Amino acid sequence: MAGGLFDMSHPASALAGIAGNIVSFFVFLAPMATFLQIYRKKTTGGFSSVPYVVALFSCSLLIFYALLKTKSPLLLTINSFGCCIETVYIIAYLVYAPPRARLRTLAYFFVLDVAAFGLVLVVTMYAFAPAHRVKFLGSVCLAFSMAVFVAPLSIIVKVIKTKSVEFLPVGLSFCLVLSAVAWFCYGLFTKDPFVMYPNVGGFFFSCVQIGLYCWYRKPSNAVLPTTTADAGNGNGGAAEQPQVQVIELPAHSVAILSVGPVPILGVHKIEVMAAEQQTVIDVKDAAEADQPEVIEIVPATAV
């Protein structure tokens, strides 16, 4: 059975398929960091369920394709694992998603993973002769394999608009680059265009996502260079201007401010130190906001 699984009579395709399985295993595990963050915050925040719903559909199609084509055990093994892990991700998303996001995810799941897959299954088996079934199903798999690579791009608008890469799964994008190379070689060596061609697009779209991450990436909780007015520059002993800092505050942090009203949003707690009184203001937790806000404080100290 092991010989049938790896088919070392064609070592190049076997090695490419094994490499594809190994890399794809990590591709499927890449969103674990995202779901650990969701678990800690107890909310899905701005994360989208679309990539996981589409990936589940693609894995289901590829299992069907591998069974119909036969002699494709390396496609069958990794996509079986993919179906299992994507189902776990969707369930976890449903547990922590807000009501509206939960309803959207359920709608996506039933429309794509139930109705659309059922339609493809029926059309393949009953609308085409056996000799043409693999070609039709392979074309469908090609289209939706591309969708798996494109699905994470649904957040590109959010990234560009907010100039934040918080919701861009760069780890997944990097793994997809490696996976695309491995499966392209497997399709090339096995002369399977339905495996080979979508990975050309997958490589391109994954590189685009990595490029966006590098462009918009900013160090978290960094204090930008400060600017201080020079009081001893012939201004007749004018009082020194206060030091200005811009700090991005993490959730549950405390800032001591020496000014009155400031735009307070996206932090958990602010202590405002006025001239003769101290006011404590509780505001919206950053974990519930779409993104952390940057506030200007004069001067400020993150505690």
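Just so you know, glycine gets a Cβ as well, placed from its N, Cα and C.
Pulled from TrEMBL:
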type: TRANSMEM; residues: 12-38; note: transmembrane segment
type: TRANSMEM; residues: 50-68; note: transmembrane segment
type: TRANSMEM; residues: 74-96; note: transmembrane segment
type: TRANSMEM; residues: 108-128; note: transmembrane segment
type: TRANSMEM; residues: 134-155; note: transmembrane segment
type: TRANSMEM; residues: 167-189; note: transmembrane segment
type: TRANSMEM; residues: 195-216; note: transmembrane segment
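Beyond its flanks by at least six residues, the transmembrane segment (74-96) meets 5-6, 14, 17-18, 20-21, 24-25, 28-29, 31, 35, 38-39, 42-44, 47, 49, 52-53, 55-56, 59-60, 62-63, 65-67, 102, 105-106, 109, 186, 195 of its own chain at Cβ-Cβ distances under 8 Å. For the transmembrane segment (50-68), the partner stretch with the highest count of Cβ pairs under 8 angstroms, out of 12-38, 108-128, 195-216, is 108-128.
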